[in-house]
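A short write-up of the structure that comes next.
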């Protein structure tokens, strides 16, 4: 059923149904009468004493009154539900009738359709259309079936209608039964209302008495506060007197202290000045030292350059001497360098071997001496271990590091004398090693002395450049590294000594070497990648003559992080037995590693070597020298170089040529000392390189000039930024086919083809360098050489220049061929087929004798089809022609090539117009028109106009002249009509080569119909910014009809004509007003501003002019215009200046002050026409009139400082007043008296101050106010005048109505806030208007307290007298398109659930934006219980109840009602929920949780109620739901009411007990 207040089920399970819901969802009348048993004898019980209330039972019968009110509320709800049920049944009846009516209409349509189908069947049968008959029969059958179904549905609908009518009648009968009950209920409600009014009057009297008492108390408190304030004022006065006396005493001491501080500051300043002087002297000394160092470095560079030049000259002399002897200098030098490298390597190897032998001998002798001393002197046995370690370290370390470390140790040891004396006895033993070391040290010292002698640079601070300091620092750093590695090497050296001394004897046979041998002997991990795992199995074999064992002791220190060994000891092994182990290599770094795996056996330790190598790249070529041999010029020979990668790591290669010039010795020595087998750079032959012609192009790579001493390696070149490598094409005889760079994979080969194409005779050499991207790969140099022989025939002039040629003219030149052959040769001249129509050579074939010459004739006749025939040789845009020609010689591989050049141009003269129209000309005037004549040729041409008519004059120079190439000239043609009529004629221009160019001309002579009263207007001197007006007439002299006129004024001129167009009847005149308003152009002002900016940047004046100061003052007072760049006088160009900027205004003011006089002449055209019926009149061009204006402009007397002739007030809110200032300055040399025009007295604009006289350079400020009252746009003009001129100021403004919206609507609610704590919520005000909007926020409680208005919208207030709600901010302004946040704070000081207030937001014009209801509830404890049915709706008074009551507190109670329905014979459980909450407050609570417990549940559960949970706790700031479920017991009578009561105990800061009344009843659903 449609239930307005669900009393049995929660809202989540059963929602109220609408009135128009379907019949299946409707309720029955039993749902209404299920509450009937809740009330005792309703028909007669309302007159009994149970429903009566007396005034004297307020305290004693409170519970009885509560029950009576509850029953009355139930009865009221029951009657309301009964009315709703009646309306629902009535609506159901109407819906059923509508459905039955729609059903009848549908059945009628079906019957009509069936009759129509029967008629169609009869008609088709007569027509014997069997197909249509069958189709119509099927339709007839379907319609009949549908009618049968509709008849059944109609019966069903009729039955439903009858049921609805019956139910409606039953409900009406029931309503009649309860009519008396309804009347009694209304009477009872009136009685209750009267009793409430009596209580309110009594309460109001009590409140008034309390207020009176409070007022008396407040007055008494005020008197006491005044007395306390007087006492406090006396105390403050005494304190001030004491403080003043203390200040006077402190002032004396402060003065003395300040004097001492000033004296100290003066002394500190003197010391600071002295220090600054010392620093300046030090800086000057340092500067002089820097200059000396620079001179020394320059001298050293010059010596280095001289040394390098000497080396290059020596190498060049060597090359020339070798070439003079007929030897290959490149190959010879290359062999010498290889021999030099080998010699150096052999010498280094010999030195190393000799030093090693000497160290071994010294080591053996020292060990033998140590053993002998140990036997002789037992005292030294204690230090044997340390001495042995030092000796071992001496053998491992380099001599220099050992010497420095030993000296340091000797100098620091307390027994240095004993050690030194003990070492003297062994001097003869180590003499050989010492001598070797001495020799090596002397050689190093000699090199150092030579270096010092050649160096001219002197150190600035000698302490930082001492060699001793460097040695000490190097020695100390090296010792740190050696000491750290000493401990690691100690263990390995001990094991090596033990292995050398171990010798075992088995049965008279001695075993030498390691006890076990490994297979393989070396564990090799090759080409390893980081992160992968590699495994190797090794077999260990016992090679001793006894049973032995093998134990793994570890690996070398450098292999511990990379190599692990999987080895299980096999136990005792007989001779010849073997065991296996597995070595696992996990590389963590991409480096090569070498080490050993240590084992221990019965005969001593042994080890197995381990080598781990990373992937490497090893590049080689099959041969480094490529010799092409001897070839004829023009042939092409190819050779190849194969490059192979023998490593497992790929690389990228780049091919570059080696730079020219000899190699430097410093570069070669650095390469030899740094890396073995490094690249030697070769040079190109300078002479052969210089002889290469520019016409032959071959591709190669050029990386730019390479310095002889280069600090960049080839790897750095390959890994550099690609943009830094410049690759360009240069001519050379050797070329390499692309690609110049590529990739070489592991174990792959690449073939690089090299092509030799000789262009000039002689020997050609070139060195190519192959660079690789891998850092470990050295560059490879490939040398290429070849010899070319010259051809026997050549042309003496390979480039024939025919200069500039014109079309259709013949040009000739000769071709001379020379021969160095010893016999006669046959020559054949060939011209490409594209040029055969334009160029020819005579004769085509000839014979040249031995060692003689042959001449041929070249003829060139360019035609107009040259571009179409030879597009590839001729550039049409530039006119350049380049034709390749050949001379073919038998038995010669390459023909003789030569080229013919020419620039082909035309001989045309071009007019900018093909036809010239002078238009309509008056018979009394002359018309001048200009035409531009252009010479399109690249040669100068003479011209002249011939055959000119009498009425035409050609200027300048009477139509004759000379045009240079591409020159243009303006020809002025003056036409003077002698009579009215058409004039058609031609003008002929003839050139010096007899070419004619014709220009057609047309003109019409007319007699005009309108006449100007004055064709010349001369204005008087008009000031800039002012205007002058002249009046003239236009007269229609011809009486043929009305005439139209229109003046055409230039756009950028200072002249305007009013009216600019009009209509004149025959014989009448029209008044014309011409206005002249001179101004300064924008371009002139910006140019002046730029000039002033540049002058200011150069001069930087100390003071500014008075005008600039006033302009800046005006801008500071509110001008919206700012400079474009943010700072004055810094604009880079006129385009950057903005109109209104400071520079712009300053420049304009300067121009106005310095303006002298300007005269301008304008010629205005006036077009005339006859009236036409079309929209736009057709002007008559032949009757055009001309008006000449002479406009002089003079300097103005008044200047508008702000330069704003239009004063914009922008947008102003309605009701607001805005003021603007306008400053006017007198820039003339005399006094002026100002006057102004009147403004609209009813308008919003007004001038607030009067006009006065101002002197020269004085200013006057106008105050203009704008106060709108209506929202619209306003515009007025204010004129400020003096005797010399008038200034016009336009006033513009727009009044806008402010628009402010609120983000909240309705109310703001604060739920359960602890007493004496606060909670806040924020709502936003959004400004939708285009200006700032001011607002104010008011609370109704504050206005009521001040004005004692009605309290209809207020709830209880705080006991302290302050409002429970507060707002921040209480007012302000919101910018356009912005928002303001308003914070509402709720701060209660006592417990109440009905706090209420009203918030109002108003604008400055008293417009209300929004009204929000503020509601709140508070609790004194940290706990609350909510939910259940409302049982009271009484309002709370503004005065707390404890003031006028005895403090008795009623018990807390809750009411829950349940409704259970029967569906399909089973009762559905009814569920309700209560919520127990714990308030999270800012104050510390004794208990941070709230606990609840249900009591007396046994009696409740017997009635079918279940509570879940029965007890629990709630955390602070949370709520916990309690579910109460009622299931009707079996056998419960229908519509029976079940009542129960349970106690809910809630413990928080305090303990509260709630009485929860449970009422439930059932309902039977008749639909099921």
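Even glycines carry a Cβ here, placed using N, Cα and C.
Where the annotation comes from TrEMBL, it is an automatic prediction and has not been curated.
Positions annotated as coiled coil by TrEMBL: 93-127. Per-residue pLDDT, averaged across the coiled coil (93-127), gives 88.
Summarising the annotation, TrEMBL assigns compositional bias 'Polar residues' to 1-11.
The compositional bias 'Basic and acidic residues' annotation in TrEMBL covers 12-27 (among others).
Among the features that TrEMBL reports, compositional bias 'Basic and acidic residues' is placed at 310-323 (among others).
For 383-392 (among others), the entry in TrEMBL reads compositional bias 'Basic and acidic residues'.
The compositional bias 'Low complexity' feature in TrEMBL is assigned to 422-435.
Marked as domain 'CFAP74 second Ig-like' by TrEMBL: 621-788.
Taken from TrEMBL, the feature domain 'CFAP74 third Ig-like' covers 793-905.
Annotation comment: TrEMBL describes 911-1005 as domain 'CFAP74 fourth Ig-like'.
The domain 'HYDIN/VesB/CFA65-like Ig-like' annotation in TrEMBL covers 1008-1086.
If you look up TrEMBL, you'll see 1-27 (among others) marked as region 'Disordered'.
What TrEMBL records for 196-223 (among others) is region 'Disordered'. Counting residue by residue with DSSP, the region 'Disordered' (196-223) contains 28 helix, 0 strand, 0 coil.
The region 'Disordered' feature in TrEMBL is assigned to 310-333 (among others).
Residues or ranges marked as region 'Disordered' by TrEMBL: 370-469 (among others).
Listed by sequence, the residues of this chain that lie at least six past the ends of the coiled coil (93-127) yet keep a Cβ under 8 A from its Cβ atoms are 20, 133, 136-137, 139-140, 143-144, 146-147, 150-151, 153-154, 157-158, 160-161, 164-165, 168. Taken residue by residue, the domain 'CFAP74 fourth Ig-like' (911-1005) breaks down under DSSP into 3 helix, 63 strand, 29 coil. For the domain 'HYDIN/VesB/CFA65-like Ig-like' (1008-1086), DSSP puts the residue distribution at 5 helix, 39 strand, 35 coil. The region 'Disordered' (310-333): residue composition by secondary structure is 20 helix, 0 strand, 4 coil, according to DSSP. The residues of the domain 'CFAP74 third Ig-like' (793-905), classed with DSSP into helix (H, G, I), strand (E, B) and coil, number 7 helix, 62 strand, 44 coil.
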